Amino acid sequence: MIYVFYYMKNKNGSISLWKNVTFVAKVDSSQMLRKPTMKWLKGKWMDLGSKAGKHLQFKETYDRNTKIYSYEMTIVKVVDGDAGGYRCEVTSKDKCDSCTFDISVEDAGEDAGELDFSGLLKKRERKQKEEPEIDVDVWEILKNAKPCDYEKIAFQYGITDLRGMLKRLKKMRKVEPKKSDAFLKKLDPAYSVEKGKKIQLNVELSDPNAQVRWLRNGQEIKPSAKYIFESVGGIRKLTINKCTLADDAAYECVVGEEKSFTEVFIQEPPVTITKMLDDIHVVVGEKVEFEVEVSDEGANVKWMKDGVELSRDGKYRFKKDGTKHWLIINEATTEDIGTYYVYTSGGESKAELEVEGTSFDKVLQSIADLTLKAAEQAVFKCEVSDEKVTGKWFKDGVEVTPSNRIKMTHMGRYIGPLTATFIDSYDVKPEDAGDYTFVPDGYALSLSAKLNFLEPPKIHLDTTGSFVNKNTIIVVAGNKLRFDVDITGEPPPTVCWKKGDMVRVSEGRVRVETRKNLSCFIIEGAERSDEGLYHITVTNPAGEDKADVMVKIVDVPDPPENVKCTGVGEDSASIQWDPPKFDGGVPVKGYLMERKKKGSSRWTRLNFDIYESTTYDAKKMIEGVLYEMRVFAVNGIGMSQPSASSKPFMPIAPTSEPTRLTVEDVTDGTCALKWLPPERIGAGGIDGYIIEYCVEGGEAHGGLCYRANIECRLGFKTSHEWVQANETPVEKNSYRVRGLPVGEKMLFRVRAVNIAGRSPPAVMAQAVTIREIVERPKIRLPRQLRTKYIKRVGEKVNLVIPFQGKPRPVVTWLKDGAPLDTKLVNVRTSDVDTILFIRQAAKEHSGQYTLSVQIENMEDKVTLEIQIVDKPGPPIAVTVTDVWGFNAALEWKPPKDNGNCEITGYTIQKADLKTKEWFTVLEHNRRPSCTVSDLVMGNEYTFRVFSENICGMSDDAGISKNTAVIAKTGLKQKQQPYKEKDMCSSPKFITPLIDRSVIAGYSAAISCAVRGHPKPKIIWMKNKMIIGEDPKYLMQNNQGVLTLNIRKPSLFDGGKYTCKAINDLGEDEVECKLVVRELNMPSFPLLISLAHLPCFLHGT
């Protein structure tokens, strides 16, 4: 159990503007297994945790001794927007508790602090000229003025309380609601309804055909028995049946991008007591049961005794069944004497309990409960320790008198002071069932037992009323079904309703309500899935009975399907559709049709009497206008929803015939035709063309027998029957007819097709003989291939060479007189051209390629040369052949690899052996030798040579095997011995560290500079402790400049920092002091708890 304590719980407070306030909630976690979760909310849904910052601050503490969590929420400098209702919720697993409180914000008046502009105005003295008073309405001036002029007008008319002025202006202004394009009438801001009743939300739309979506807490609502959607013209309704507390939520209606919001509040009526407690008088040891009945099944009650609340501690037990509640004491004692109370949210009741002691020494045999069937004998017997005892028998509180059926006897025992008292009842009947009690005379004792009468259960089905035939009920979809079944049996039997293996429960849309001798089967808003055979079974200890009920759901039919236009005329159209898949359980009587122009929202009814067929001819339509159709199905229940609209169709007449039909080409078995569009097309356009052909009539080629054989082979019935060549219309103005008999004379015709049908045909004037036309082969070599075709190594070669000739010629490729290797070169040939393709050219692809095109004994050939080139190799045997003065003579041999093309020249470079830098001395030298001049005296040179071709210079160069030394004449240089200087030194800091003071949270750096050879090792220390691989510190060394970067230092990073440099010759160190200070912040706001809120608000 979660216990939540709030300061000022269920109390509301007023807070002054610009003050601070703190709310504290405490949670007892002694019985929790994990930490609870706390949420602070404003209004219904706004989570304040996401708005933490300078204005809203949250704090959480935990006391390990008391195991109490404390949660604080502080509002810094309260403003008008902070007013409203707040709620804090604490949850742990499936347990939850919450508390609400309200805050109202008051104007601080003259205590407005630094914003008290009115106080400054009061101190200013201003001489006023005596002028006649003019009745001016300042508020009208302010309402029409700009906000920037408010201060000026306030000074002019002596208004000192600017804050009060702005508040009054805000109340005076009427904010006109934003006009909605989609809604003529939106939802009200809020709705209120009592629990268990229904509520209806209405909106009115500007577009009657617009679709709406209903959302609950942002989740879309689906239509069901609980949520019912209605549409009447432009009005949309949402009905919520049997509202529960779960329906208390925010609702919205969405139309396109626009929304209308509202909130629904569920009022829970107070729980009243319908049956009060009764006083009870028992003896010690008897069982006590206080019974009370309340108005609501889900209500909770509180039991108290003499002002103290009772709990489940073993002595007291609480029982609940529907609206009934019991307080049970198993064995009453004299300590249980007192007044017992029961409380609900709307009432209370009390009763007295009296407990008396017994004078019997011992009850030897108490009365036992009996369970009997009809015509059996009931015998109640009890024995006590006093043989002279007498008493009376009671049934349900009424004294029992002897009769022919009931006998009472009293007898003593021979051994011991025992007394037995009997009551016999013969031929037990249902009215004999009840509580029997023996009350001895003169003793505070009563012995009770119960007689239970067993009667086999029986189901009594009423076959009149809603039954259409034996055990069958018909329900219209959406309506409510309530089927009452009378049941008899003693004790009252248990009722079970089933559909298949699913047991129906007492809650939900399909439910069972059971009362005494009556079982009610209820379906709220019947659906198609509710149809089926339902089994009812009643059982009690005396037996079992069963019955079956068939529920049939009837509804309006589904919409018709596949509505389409099958043909059009000049002002008419033929419409066809399929019947609905589901007829609603009632035969479909017929259909209603509607049509509209495309783009319009207005539908026109075409028939008002039911039309039974599934085809319809629509008349009186405008030619050239697009229409759409939809169909409704009608049965005995009503009219279905409209079908999906048909594809747009246009009433229009066919086009005129195509023009200029000619033959483009004829081959063995095929004929290519071409034509021009019709002269008159119309608004319907052209969907394509249909080509037809037939054999020319007459007795040619051997008479009628030969003609009959040809016609039979082609599948003709007569010589004048036309055969369609294409299954679907072709969009182009040309077509090749295939599969024609060779040597036969054929006639052709073409029709244009649109939505209105086929046009008149365009027929060829003369027949066409089907035979191949021989055309000499001819290769049309492109201009760029008539000369040598050069490509670099690695490039792509793609040569397209067109040719002509009929029939299709045979194409052959040769390379250097041998057949082409298809592994190296790809060849692809079509009817009109051939393609030679090389993905990556190599030198071995170079050569002469021969293309041959041949038809029978006619042939045409072309030869093309392909050269694949690359950069050349380096020259070889580069030698300095002679040196004189400032000149040197070089010779070399051409490269072994010339790149598959001619060497166009050489590039010569020189280099001094001292500097070893290369300089170009000659370019594009054609010969394999050269003379290099202007060499410097006293230097020794080496040379290298690059070869060139059309691809460029070689990648590598040929280097001279010997060098050219340019000697000095008459001078000698005396070499001085070289003495190497010792550069070693111990570390020495040339720039020390400097003390620094930085702000916490901002990255800082300290720097120094050191020199020494060999390069010293650097060690950084904080407070004489070496700084290791801490990611907070970044150490840098740039040419002896040492930097230590500290990322976002805190107060703990202050101290003394040391930098030490060490090498083999010694060490040196510098140090500085780093001070980390906090950023100066304004003084902390005053934190107050709600427990002290009254004192804070009254200024004490």
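Cβ coordinates are placed from backbone N, Cα and C, and glycine is handled just like the others.
According to TrEMBL, the domain 'Ig-like' annotation covers 177-272, 361-437, 777-863, 987-1075. TrEMBL lists 559-655, 657-773, 874-969 with the feature domain 'Fibronectin type-III'.
Note on the domain 'Fibronectin type-III' (874-969): DSSP counts are 0 helix, 52 strand, 44 coil. DSSP assignment over the domain 'Fibronectin type-III' (657-773) gives 12 helix, 47 strand, 58 coil.
Helix, strand and coil counts under DSSP for the domain 'Ig-like' (177-272) come to 3 helix, 50 strand, 43 coil. Confidence over the domain 'Fibronectin type-III' (657-773), given as mean pLDDT on the 0 to 100 scale, stands at 78. The DSSP breakdown of the domain 'Fibronectin type-III' (559-655) into helical (H, G, I), extended (E, B) and coil residues amounts to 0 helix, 42 strand, 55 coil.
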